[in-house]
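In TrEMBL this protein carries:
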type	residues	note
TRANSMEM	C:12-32	transmembrane segment
TRANSMEM	C:39-59	transmembrane segment
TRANSMEM	C:65-83	transmembrane segment
TRANSMEM	C:95-118	transmembrane segment
TRANSMEM	C:138-163	transmembrane segment
TRANSMEM	C:197-217	transmembrane segment
TRANSMEM	C:229-252	transmembrane segment
TRANSMEM	C:272-291	transmembrane segment
Amino acid sequence: MTLHTRLKTAALAAGIALAALSLPAFTRQALADEQHFPLQSYRVGPYAAGGTGFFGGFIDYLNLINTRDGGVNGVKLTWSEAETQYEVERGVEAYERLKSHQGIAAWNPLSVGIAYAMIDRITADKVPLITINHGRTDSTDGRVFPYVFPLLLNPYSETSGIVNYIASKEGGLEKLKGKKIVVLYHGSPYGKETIPIYELLAQKYGFTLQQIEVPHPGNEQQSQWLTIRRAKPDYVVLRGWGVMNPVALKTAAKTGFPVDHIIGNVWSNSEEDVIPAGEAAKGYTAITTQASGADYPVVKEIVKTLYDQGKGNLEDKKRIGSVYHNLGIVNGILNVEAIRIAQAKFGKRTLTGDEVRWGFEHLQLDPARVEALGAKDLFHSINVTWDNHEGNGYVTFQQWDGTKWKVVSDWIAPDWALLRPIIEKSSEAYAAEKGIKLRTAADAEGVTN
Amino acid sequence: MTVAASETTASLLPASPLAPAVIKAAPLALLLVVAYGVIPFIGDSYLFEAILLPFLALSLAGVGLNLLTGYAGQVSLGSAAFMAVGAFAAYNFHLRVEGLPLAVAILLGGVSAAAIGLIFGLPSLRLRGFYLAVSTLAAQFFVQWVLTKFSWFSNQSASGVIDAPPLTLFGLTFEGGAGRYLFALVVVTVLTFLAARLVQSETGRNFIAVRDNETAARIIGIPVLRTKLLAFALSSFIIGVAGALWAFAYLRTVEPAGFNLDRSFQILFIVIIGGLASLRGAFFGAALIVVFPLILSRLGSLLLGDVFDSGVLDMTQRIVLGALIILFLILEPDGLVALWDRLRRRLQPGSRPA
Amino acid sequence: MADFDWSFFTEVLVGGLLSGVMYSLVAIGFVLIYKTSGVLNFAQGALLLFAALTFVSLVERGLPFALAFLVTFAAMVLIGVAIERTVLRPLTNKPPITLFMATLGLSYIIEGAAQLLWGTQVHGLDLGIEDLPFDVAGVFVSQFDLFAAATAALMVALLSAFFRYSRIGLGFRAVADDPFAALAIGLRLPFIWASVWAAAGLVALVAGLLWGARLGVQFSLSLVVLKALPVLVLGGFDSILGAIVGGLLIGASEKLAEVYLGDLVGGGIEGWFAYVVALAFLLIRPAGLFGQKLVERV
């Protein structure tokens, strides 16, 4: 290659590069009324299984609303995807890239790290950030975090729900006295988050507690499970993540701990967590906010309207109705209903982020409304208010029978009243550190355009 | 991208009869003028938040690692750990010492990173090559464990994530993308300048002597052990400050897991692809590492977005990125900086027209 | 200590030794490449993932076990040869650090290709070995771990025999001792390199299957290399025997440390403890257990 052609190639490459970067990709002007969902999805990398399921379910539901109802009251739902591989800086890049789109309803990153990096940014932009079943516990306090919504379940409620379930198996909270529970947690901020809450509950109900850490990624747990075997607990709570879950179940079997006395938390409850463990997972029970299975009317409609027409988002049809897919569908329902509620107040048009925020703060779906949406028994209910951004979600427990999850409990309520003061203490400390003025109910009613 | 582009314009200026020193300094001066005087006014938030801020933080980390690997010849896979030490130490100094200016806190963060770097540099006295490289991984895992384990470091935050304080320097507050960009730019300029002075000083020559031939260095009286440890400390200092920039100026939040092994590899890539033993190389390398994946993903979704889903596209990009890295290592093992110099020599007055 | 629980101690120790064998399995793959090409092949983890994913996907598509194994092995050989041709040969005589970076790039390619070909789903892998514990004088021992240890032993025996008695093996040793001398006497280096990569592919396949059966076949499989690196430091990058002994030492000491020391600092120390053990050891013996004295690369 002569220098001349080389230079020309270089110039061409630089030109293309600049053009590609400066292209306002995905920023089509909103032509008709439409509400947009920018998706920071992850379909590649270590957590791809969760990402494809969740974002698949979310997109499927948005698609169902468009195809079946022609949108929400005629307002079309649109979305664009940017891959993050679950990495924070890719999430930030995706946020900056997608945020200029017209009519953004809400952000749904399904990643604690990315959510944290976005809190300042979305608060400035006045657009809701939804962290269903995860995220920052104290963002439940809407007085301090006006735009963050850890819908259905925060980590503290999850802890309380699990302890209440164990109590129900033993025959009442007073029977917990003298029992021994081991919590096996992932060696990360996520894993450690519930340590003080388990300690609090142990004190309150009088059970003995031992919390054991598994170093990331958790592909070796021999020593932890030998310690557990020696401690002879009545239950083991698995607060795992990714590959740690199947390894825990396998090692439990290997060291002779009965699998039906292991209770998984909300990130240890999917098919991806048990299938690799094979036989060892049979009888394992885990908490969930949304039951799995494809028998719910809304899931059936998705199959009929989308998958039978070849328009479904999941590549593998066997995953329809899986835990992550159903979580995505429930997440879709909550987002769409928040828009619907906000539309009833502000009009049937493209809403601003702050108007959608108002919608989320009035997102009250009782069991009757949930049934009308075709999601009876898929999830229980939600009751978000301006200062309670979690919305008191109920939990249920499912047992793995070797091929599918089976619900084995009623809907259980966590002890919200016990947890609220702890959450407020943390959020008020945050507000003091950042100089945030606590919001009032009147502030929450005010909406900027 | 803009930085590279402006440098191109600089060297394309017509030849002038000025003294060679001025000609040599002119592109740099122009670059600084553009970086300080033009970009803050014309850039949009995407340019700052998604491109320039990560570029600056990673460039600085690259400069730091280049001191150690490029000049002193010691390979480290623990850079991300030193970044983490810098970020978390700066956060704690700022939080716990009343009235301490942020600049001092960041500086102390760098000093803490230097101290930790010194400790994990001790094996370099006995180990070389991959043995040393792998043992620096001990830093990688140990630091992450400590920061996660003891929530004191994250001010007892329930989820172990820290929030960045507002950026202030000499009473000025740097807000928004452009403000934080300027803050990072000042820090990077100052430290790069100091690093450039360092490599031309006797210490810098000692580094190179130790790298090229340790025994010979010893014979001519260079204190080899002290030189190696000094390289570890200075390099970790700069990397630590880069970590503070990454957390405070770029992401505005950070959890220990953000400084993982992949980040260490990324910084090593920056140094190798940019060019070993060249401070400019770190900037070239960082530009490539930050911008290239973005271009790939834009082009991918632009050209093929309708045909494939984003998962397939991203995996293809991963393959292309890996292939390009290998191709680059084969075609230009001395790094982007060598390519750049060759290009420039051809364009210099006196050589045949391009 | 009068009430020291010896049977528990033995259990932890045995468990640790058996885990150590699993680390050794991965480490051997590194050793083979390092011995001939002088490069720390970071793509070994990706190769392991690729092998396990290919195998499990073939089995799920209805191929019998043996055939799937053969097809995957053939694929691994092809990949090995391709890597040698397209990556390592053009990079001959480049500094080892450049080679190392190239293998990092390679791991991107292989991981991407594996997931592009077979998808990102998590698979279970059942090798048909019951993983229930059996009781040896009050100490629980895992059948699966014993099986893995036996497999590792068999593989090491085969590799040793191969390198001791076959022509390629002799060539391999000649190259490992002195590549220039080997070249001078007319050995076909590329052929030897390619066979070594094929052998490393086989190791990756076996390790991938055993680890895959333990963890499930998924992306995180490639992270097991992090468990192998301290083993390499301890045992020496260029010694198969070192990889075995190092694996046992690391496995046993990290488990004992986690159980007995972990309580003092709050646990979860396994991740870095192995590196500290390796490091402490190296400060006494810089070339590792069985490594060659002169390690002045990079």
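Each residue's number is its place along the chain shown, starting with 1.
Cβ from N, Cα, C; glycine included.
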Contact check, the transmembrane segment (C:229-252) vs the transmembrane segment (C:138-163), 3+ Cβ pairs under 8 Å, seq sep 6+: yes
Outside the transmembrane segment (C:65-83), six or more residues from its ends: residues with CB under 8 Å to it: 43, 47, 50-51, 54-55, 58-59, 106, 110, 194, 197-198, 200-202, 204-205
Residues from the same chain, set at least six apart from the ends of the transmembrane segment (C:39-59), whose C-beta lies under 8 A from its own: 26, 29-30, 33, 65, 67-69, 71-72, 75-76, 79, 83, 88, 96, 99-100, 102-104, 106-108, 110-111, 113-115, 117-118, 123, 125, 200-201, 204-205, 207-209, 211-212, 217, 219, 221-225, 228, 232, 237
Contacting positions for the transmembrane segment (C:12-32) when only residues 6+ beyond its ends and CB under 8 Å are counted: 40-41, 44-45, 47-48, 139, 141-142, 145-146, 148-149, 151-152, 155-156, 159, 196, 199-200, 203-204, 206-207, 210-211, 214, 224-225, 227-228, 231-232, 235, 237-240, 242-244, 246-256, 259
